[in-house]
Every structure is written in C-alpha cells, then in structure tokens.
Amino acid sequence: MEKHQSQYGTLRWSHGILGIVLMFLLFSIIFSSLVTSQYTFQYMLTHMYPNSNLSTSDGSSCNVNTSTEAYRERTAAQRAVSQLNIYTKVAEAVPALIITGVMGGLGDRFGRTRILIFTTSLTFLSICVSSPIIYFEIDVYYFLISSTLYSLGGGIYGALSIGFAYISDVTSPGKQRTLMITLLEASIGIGAAISGLVSGFIIEGVGYFYSNICAGAVAAGSVLVVVLFLPPSRSPHISVSRKSNLENSRAAFTFYFQASPMRYKYVIGIISFMFASISLLGKQPIEILYQLNAPFCWTSVKVGYFSAISYSVSMILGMSVIKVLQMCFVEEVIAMFSGISGMAAYIVEAFAVNDLTLFVVPVIGFISVLVFPMIRSMLSKLTPADGQGALFAGIAVVEIASSLGANLGASAIYIATVGTMRGFVFLVFAGLSFLTTCLLLVYRITSGMSKTAPLAEVTKDITGTQVVEADVKN
C-alpha cells in the first residue's frame, strides 16, 4: 500500500489495521449468529416436541414423506424460528436506524476511531448477554435483549459506515478509493469465511455455549485492536463544524433532497443500493433454515462449510477480480454484472434438490457482492470531502432499513411457502436483483450526459452541490 496524500491525511500501511478490526468484528457477529440460529432451531424442536425422536443432526430423519409426523414437526419448528427471526430483526434494526443516522456526523466531529470503539464494545457486550441465555437454557425470546444491545451500537452496518468514511479520509476519489473500499469489504469476507469454516467444528466439539464464548472473545479482540493500534484517519487540528444530532441526521440524507444537478444520480444510486441490499442481506437466516430443512437436513458442520465457501468465493474471489474488471469496465457496468450473477444464483438455489446444487450456488454468484462497493464508490465520487461521513451514514441507514425489510418479508414468505414451495423466497430475491440491474443500466445511460466532480473546497454545510462540466465540442 503506497502512501497517498489526501485532503485529511496520508494513506499508510497502518491504516490497513482497519481491515483487521472489521474482520474480527464480522467473524464474531457471523459466528454468534450461526450459533444462536442453530441453537434456536434445536431449542424449538426440544420444547415444542419434547417426546419426539427427531434430531436436527440426524440425516436419517430427513428424507421423509410430507404426510409423516416427523416432517410436520420439523416444519412447525421452522415456522416458529422464522417468527422469532422477525422479532429479532426488528430489535436489531430499529435502534440502529436512529444511531447510525447520527454516527457519520459524530465521526466527522469526534473522529472515526472513537465511534468505532463504541460500536465494537456494544457488539462484544451483546454477545456476553446472549451466552447466559444459552447456558441456562432460558427462553430464546430473551435473545431480543442481546439484539437490542447490539443495535444500540449501530451493529455491523454502523461499523462499516465508519470504516468507509475512514477510508475516504485517506484516499482520493476514483479507482484508488474504489479499490480500498473493495479491499475493506474483502477483509470482512475473510472474517465471515473463517467463521463459517470453523463454526460447525467448534459447535459440535464444545457445544453452543462455549462456541458463543469464542465469538465474544474475538469481538473483545476487535475492541483492543482499535484502542491500541488503529491510527486516526485525520489530523487532530482538522476543524469540523459542530452540529446537533438532528443536523447530523439531516446531513445524511441531504444529498437525495437538496436541489442539485446531480441529485438524480444520488437517487438512482441509493435506490439501486436498496434493492441490492434487500436481495443479498435477507437471505442468510432463511438460507440456514432452508439447509436445515428437508431434503437437505444439514449438520452444523455442513452449514459451516457452505457459509465458508459462500463467503470465500463471493467476498474473496469476487473481490480479487475487481482490479481486472476495472481495467475494462466502469463501476456501473461491474455492478450490473454483479446483479446478473446474483439473479442467476438465486434461481438455481430456489430449485435445488441436493447438496451439490446448493454448493454450486456460491460459484454462480461469486461476483454478486461487488454491487455494494461499486455503488458506494459511485456515490462517494459525487460527494465533497467533508460530506463522506454523512454520506456513508445515510447509506448505512438505508442498508439497515433494507435488511429489516428483507428479513421481515423473507421470513413471512418462508412461513407461508415452506410447506409448498420452500425455495420461492429465492425467486423473490432474484426479481430484486433484476430490478437492481435495470436501475444501474439507467444510471449508466444518464451518466453519459454529463461529467460530475464534487466541489474542491470543503464547505461548512453538506449540500451535495456538484460541478457539471459541459462537454466540449470540437
């Protein structure tokens, strides 16, 4: 990583520690999520049908006729878990929507590292709260307390918004920033892949409680790395205007409502991001239930394998080809390829009937996640330097709201269709990927009409004003 002088500071190797922080953080979040999801399913089966011989880890009870008692018990437990998922996602999202809305402005004012310490600390505390629930076999609905505590720190989306603003502080708009944002997303992909790879073995080896303790220990590590090693992204003498929380919240969405020649680009970009978020972020809880259900009935190890392969292929392999794609295509076109890849993967997953077909899904959708860094970079390139924190905070709010809507909708659809066509929800996700691709095509077509550059000066107010360069005709 070569040094690069930006408006706020110099890009140095030490700034790469941010990737380690987010890798640890996502590892702990995904690992804890895998633990609690599988524990909840087992808890529901045990307490709903205490006299049943049905085992979540025994494949012999899986390939049964839909008219049998075992199939009905498994389906009923799946519906109960999906219902709890709805409440959990509300608890995770509603407070985070408020917190994340002001987080960007507070990061502009107090520094990114301080806000990141706050976010990682609450993630650690939320895992600490969930562990006794597992140990004492308390009603799984008490996981909602842990989910609420997690969301008060902004969750992973709040941490990512601060991370992307941190990167924007030390990079210049264009390919360098796009590459660094992509590498940052690749680092969280590594964390997610490792968590998926080891989670199944750890769960089977030490059980749910100690597995969750491991997740908490890694979350504590992310806090320590921020406190001890992560340098500030801006010099302490940088002066940032003091704004109220209401002004910080408004600043996060000014770009989409303030009169500006380029407002339509912001609007198309954020709507595309919203559809992409709904299609990609709503699938994980449903995907786990899908794999635990007939005809797959996967064990914890298999679920972990799939999670590891999925994240490795999409977040690592997909991200690794970004430099090659940038040599041939602009960001909007790469994002369109990403949407097409995701759409094809969802269609295959919807009609999967065996393990091999499911394991092919991540390969087909290996560039599906590129839509996120591409759209983030597209919007960041339109934004003045002092508006980066507010921009990424607004994007995070949209991401949280989309995740909430996706999980609520996906859970409702899965509850309604699990007994008839269990893969129908993935067809819905495919349709959303198609809409994302269409919107990006519109963005690409309209982008040819004018060239945009953010104002060179740092202004006190976030206006989203752009300089439109008229095409020079010979």
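Every residue number used here counts from 1 along the chain in the order it is shown.
Every residue gets a Cβ built from N, Cα and C, even glycine.
Automatic prediction, not curation, is the source of TrEMBL annotations.
TrEMBL lists transmembrane segment for one of the ranges 86-103, 266-283, namely 266-283. Counting Cβ pairs under 8 Å to the transmembrane segment (12-35), the stretch among 209-230, 266-283, 334-353, 391-417, 423-443 with the most such contacts is 209-230. Highlighted: of the candidate stretches 141-167, 179-203, 266-283, 303-322, 391-417, 303-322 has the greatest count of Cβ pairs under 8 Å to the transmembrane segment (359-379).
Scored on C-beta pairs under 8 angstroms, the neighbour of the transmembrane segment (266-283) with the top count among 179-203, 334-353, 391-417 is 391-417. Here the transmembrane segment (179-203) touches the transmembrane segment (303-322). Their Cβ atoms form 3 or more pairs under 8 Å, with each pair 6 or more residues apart.
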